[in-house]
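Copied over from TrEMBL, here are the features:
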- 21-42: transmembrane segment (TRANSMEM)
- His39: Zn(2+) binding site (BINDING)
- 54-73: transmembrane segment (TRANSMEM)
- 85-103: transmembrane segment (TRANSMEM)
- 115-135: transmembrane segment (TRANSMEM)
Amino acid sequence: PGAAEGEGGAVGAECLERWPLYVFLTSATVCLGTSTVYHLFGTANEKWEIALRNVDYAGIVSLIVGSCAPVVQYGFGDAFPLTRLVYMLAIGGLGAAVLVCSLTPWFDRHNGLRIALFVALALSGVVALLHAMVAHDFSPRVVSMLHGVLAMGGTYLLG
């Protein structure tokens with residue numbers, strides 16, 4: 001292994017770009033903030049309830065898309081820059097589509113469809129990770145990400 005690689009060819013933490021982590025942390029903060037605003041004020045004020053519920057949905061979309069950034073960036077790394085870009089744009093585009101859907105009146109009337117759209121958006125990140133695993137011949141570095149992603153997804157579904 002080269003100087004930047006450790007056991008099993010894993011890239012050392014000091015070599016990782018930090019911006020995907022900042023994107024994730026920012027999206028988590030946005031989600032927590034929008035959820036707080038909705039649950040404190042939206043549920044207490046009928047006049048603002050719908051608007052603040054939409055803000056809450058926007059925070060959820062932000063968290064899901066922001067959670068995919070590290071998965072895609074670290075999953076594909078520098079070996080597949082075009083594939084990485086395509087996934088980033090596709091997940092961002094899907095997030096924008098779900099966000100637009102969340103602003104429509106039917107989004108609240110169809111609970112199952114709403115949940116399905118959020119889950120489908122999250123699964124786009126899982127698809128990207130599975131692709132990265134195959135692209136890197138199931139390297140331990142990329143495969144190890146799967147456990148964290150599954151735990152994260154399970155936590156999101158429970159929440």
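Cβ coordinates are placed from backbone N, Cα and C, and glycine is handled just like the others.
A sphere of 10 angstroms centred on the C-beta of His39 (Zn(2+) binding site) encloses 13 other C-beta atoms. Counting Cβ pairs closer than 8 Å and at least 6 residues apart in sequence, the transmembrane segment (115-135) and the transmembrane segment (21-42) reach fewer than three and form no contact.
Only residues 6 or more beyond the boundaries of the transmembrane segment (54-73), in the same chain, are considered here, and those with a CB under 8 A from a CB of the stretch are 17, 19-21, 23-24, 26-28, 30-35, 37-39, 42, 84, 87-88, 91-92, 95, 98-99, 102-103, 107, 118, 121-122, 124-125, 128-129, 132, 145, 149, 152, 156. Nonlocal intrachain contacts for the transmembrane segment (85-103), taken as residues 6+ away from its ends with a CB within less than 8 angstroms of a stretch CB, comprise 54, 57-58, 61-62, 64-65, 68-69, 72-73, 76, 114, 117-118, 120-121, 124-125, 128, 131.
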